[in-house]
Each structure stands twice: as structure tokens, then as C-alpha cells.
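Annotation source TrEMBL lists S-adenosyl-L-methionine binding site at GLY131, THR132, GLY133, SER134, GLY135, ASP154, PHE183, ASN197. If you look up TrEMBL, you'll see ASN197, PRO198, PRO199, TYR200 marked as substrate binding site. Taken from TrEMBL, the feature domain 'Release factor glutamine methyltransferase N-terminal' applies to 12-81. Among the features that TrEMBL reports, domain 'Methyltransferase small' is placed at 123-202.
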Amino acid sequence: MTVAAGDTIGAARRGVAAVLRAAGLETPDLDARLLVGHALGLDHAGLAAAAERPLTAEEATHVAALTTRRLAREPVTRILGGSAFWSLPLVVTADVLDPRPDTETVVEAALAAVTARQGGRDATRRIADLGTGSGALLLALLTELPAAFGIGTDRSVAALATARDNAVRLGLLDRLRLVACDFGTALDGGLDLVVANPPYIPSREIAALAPEVRVYDPHLALDGGPDGLSAYRAIAADAGRLLAPGGVLVVEVGIGQAGAVAALFTTAGLVCETPPHPDLSGVLRAVTAVRQT
């Protein structure tokens, strides 16, 4: 496709969608709207209002460049430089996992568990997000638990820098601490809530992932070891030390992993009182465990 100066914005948007559709991308119309809107600095309403305005040469070049990136299977969120998670605008860099809507299930499960066991949302709590990446889980929970203080850990210093940037943008930096370590190894105990979206893809399956994931998400955030459970074993081994009595652990799991992860937590002395939480597709996505004593 050639986007040329003088093409109307509406025609450019239709042309981009046609090229993306021909390339087999799943959401060509949505992608085209987002890419053209980003190139021109227009939201959905702005695109509709300006549909008959011709593109300048500079605008046409920008639209074409963004389209080329999407044809290379770069995710739209990475092209735009950001994503929305729990309605929070987040910066997404090459150093962090692109937050998925399914991960919001962890937030839902965590809020349900702590309010059921530990009182209302206004209670003082210490929470930790192990492998925080962009900070998505931690920041979402801090917005919902206004008296909580959070700790985010990550092995990647670059990922922690992204989390810090997001915390600053959301005005939450004074309510959290970021620590470079492997899961919870550098943390003290006494935590009321621990959450994690650890790597859970079995190593042998990574090569078959969609390019949007395989190429653009950090390998460190994907590879869960030979059976996909390596991170859960590490978290389970440390959970009893990290959690206060009555403390709650909630983790995201991959398809078909809920039973195995719950068994690991039970073996480690935790209690899985509630069934795993399903995501919007019905996949069991969040496992909850409690330290009772």
C-alpha cells in the first residue's frame, strides 16, 4: 500500500485496514484506526470529523511508517508506546511484557480475597508484585487500596525504570518501592498480599508463539522452564516467609496450569480456599492461596 499526500484521512484509514487484512492480521479495522489516529494526533471522534481532510506529505509518510511496523507484527500497543490496564494508561517499553486484559483477573481475585479476609479496601496493607514489569498489577492495586504501600520487584533494572515512570505518571511513586531481585528473594516478610504474573510458557512452546509475543515481549517474561512451572516453584518455596499470617497470594497461570500451581502452593503449606478465578474467556487464570498461620 502507498499512502500519498492528498489522500483523505478516511481513504488512508480504509487503505491501511485493507493492507492489514490482506496480511492476515486479526483486527485490521481497529489497528488502522489506532495507527492513523496516532500518526495524526486524533482520537476516534477526531478521525471521523476530519475524514475528508487531505493528508500532508509528512502525515502520509508517518502513516506509512507505522503501517510497515504493524505489518512486521509489532503490536499496536508498542507502536503507540503505551497500553491501558485496569483503565490506567501505562507506558510499555521493549523491556516489559505488554499487559493483557486477562491479567486484570489477578486484580479482581486479589481484591476479592483481601476484602473478604482482611477488612475493607481502606485498611492499611503491605503488598508486593513479584516480577512487576511495567508495574501494571501493583499500580492497579494501589489505586484500589488507597491505604496500601507496595513493593515491586524485577530482575530487570530496565523494567523497574519503566515501572517507576508509570508510577510517576499516575502519582503513585510515594506509595511504592522498587527492588531489583529475583521474585521476593530480597524482601522481608509480613506482607498482606503478594501478586505475580510470572513467566509460564514452557520453553519448548516459545518458538510457536505469535510474532507479536515471541519477538516483542522480553524472553525473560515468557520462559517458564521445561514445564512452565519453574517460577511457581520459586514463589511457593518463599511464600511462607513472605506472607504474614492471613496473607494472600494470587498468581496468574497459563491454560491448564491452575491445578498444578494450586498443588505446589498446598505442598508449600498454603491453603487454596477458593476455586481459581476464570478470565473473560472462561480460562482459569488466577490461583489464590492463603497463609493461615
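Cβ atoms are placed via backbone N, Cα and C, with glycine included.
It is 11 Å from the Cα atom of PHE183 (S-adenosyl-L-methionine binding site) to that of PRO199 (substrate binding site). For THR132 (S-adenosyl-L-methionine binding site), the nearest of the binding-site residues PRO198, PRO199, TYR200 in terms of C-alpha separation is PRO198.
Secondary structure counts, DSSP: the domain 'Methyltransferase small' (123-202) has 25 helix, 25 strand, 30 coil.
Note: the substrate site is recorded as ASN197, PRO198, PRO199, TYR200; in the same chain, GLY131, ALA196, ALA221, LEU222, GLY224, ALA231, VAL251, GLU252, GLY254 also have Cβ atoms within 8 Å of that site's Cβ centroid. For GLY135 (S-adenosyl-L-methionine binding site), the nearest neighbour among the listed binding-site residues (PRO198, PRO199, TYR200), judged by C-alpha distance, is PRO198.
Spacing of GLY133 (S-adenosyl-L-methionine binding site) relative to TYR200 (substrate binding site) is 15 Å (Cα to Cα, whole number). Of GLY131, SER134, ASP154, all annotated as binding-site residues, the residue with the shortest Cα distance to PRO199 (substrate binding site) is GLY131. Nearest neighbour of PRO198 (substrate binding site) by Cα distance, taken over the binding-site residues GLY131, SER134, ASP154: GLY131.
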